[in-house]
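Reading through the structure tokens given below for one structure.
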């Protein structure tokens, strides 16, 4: 069974040069909590930056970003502390309800993700979904005001939730209007952090991965925002079917990393190059003819190319698990309120 913690949430980012922003809230209930994992956790993110947190140990909603603490009054935190204490009890009851219907005992998890995205062209998206033991359980479709059930238990929940038209419309309005309004507000609070630009360091590596098979890697790291476009070109033409892609993932220092690779016959005379675009900055690196790396460092003042003979450079790859959650047979009576929690 997979245990997913919102505090460790990793977001995959679309491989694109179009800048987007998102607001997400995760809730997690655990049936058998311990000293490391609380019974209930709620965490909020703008993009990949934690902004709020609450858990069943502290029983307080608290800011995780200084620009949240500076801009929201104490009564905001107290109001949503009270709401989350209610959600804590609701999630605990709902998880027990699910365990009974699945005939489960022991350690199990119940998760919820709600949020929205603001795209560069001004368009928006919204999402609300739930999971049990890390697997999709039920997903809200705001356009049809309906729920997509993933199994027989979720289908019972679907029938109950779809009977409450007021709640369906409320969720749609929250996703399309209130969530976006709060996202724009938070983006203004954290402008210096969220609107900054750090261009990537890009490296190409040639390595024999199997006898008779050579792999070219193109790696980018140290960039923000996370939207980036990377492609391999062969003899001047883009290739896609032969390419393996890594996710765009946090590096742990407020920047991101990603990679892509392509296999080839080492006897081939084809010329491969990696093309990278990030926030209007374009970089092109040819694949090395011999084992080693070609490193390009992109800075605000210009681009410097360094040739470095390095072998076997590793990269930490994070794999994203879905962050979802919730289920119940009667729609919850704990209202989200005018602000996300």
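Placed from the backbone N, Cα and C atoms, the Cβ positions cover glycine too.
Here Swiss-Prot flags 27, 42, 61, 112, 170, 171 as 7-hydroxy-6-methyl-8-(1-D-ribityl)lumazine binding site, drawing on similarity to another entry.
Here Swiss-Prot flags 27, 42, 61, 112, 170, 171 as 5-(2-oxoethylideneamino)-6-(D-ribitylamino)uracil binding site, drawing on similarity to another entry. All protein chains considered, the CB of residue 171 (7-hydroxy-6-methyl-8-(1-D-ribityl)lumazine binding site) has 21 other CB atoms within 10 Å.
Per Swiss-Prot, N-linked glycosylation site is recorded for 103, and the stated evidence type is sequence analysis. DSSP gives residue 103 (N-linked glycosylation site) a coil state; it is part of no helix or strand. A 10 Å cutoff on Cβ-Cβ distances gives residue 103 (N-linked glycosylation site) a total of 6 other Cβ atoms nearby, all chains included.
Averaged over the region 'Antigen-binding cleft' (19-197), the predicted model has a pLDDT of 96. Look at Swiss-Prot and you will find 19-197 tagged as region 'Antigen-binding cleft'.
According to Swiss-Prot, the feature region 'Alpha-1' maps to 19-105, an assignment based on sequence analysis.
The region 'Alpha-2' feature in Swiss-Prot is assigned to 106-197.
According to Swiss-Prot, the feature region 'Alpha-3' maps to 198-289.
As annotated by Swiss-Prot, region 'Connecting peptide' applies to 290-296, with the evidence given as sequence analysis.
For residue 61 (7-hydroxy-6-methyl-8-(1-D-ribityl)lumazine binding site) paired with residue 103 (N-linked glycosylation site), the C-alpha to C-alpha distance reads 33 Å. Distance between Cα atoms for residue 171 (7-hydroxy-6-methyl-8-(1-D-ribityl)lumazine binding site) and residue 103 (N-linked glycosylation site): 30 Å, as a whole number. Applying DSSP to the region 'Alpha-3' (198-289) sorts its residues as follows: 0 helix, 59 strand, 33 coil. Take 27, 42, 61, 112, 170, 171, the residues named in the record as contacts for 5-(2-oxoethylideneamino)-6-(D-ribitylamino)uracil: the widest Cα to Cα gap among them comes to 23 Å.
Cβ neighbour count for residue 170 (7-hydroxy-6-methyl-8-(1-D-ribityl)lumazine binding site): 15 (other Cβ atoms within 10 Å of its Cβ, all protein chains included). Cα of residue 103 (N-linked glycosylation site) to Cα of residue 170 (7-hydroxy-6-methyl-8-(1-D-ribityl)lumazine binding site): a span of 32 Å.
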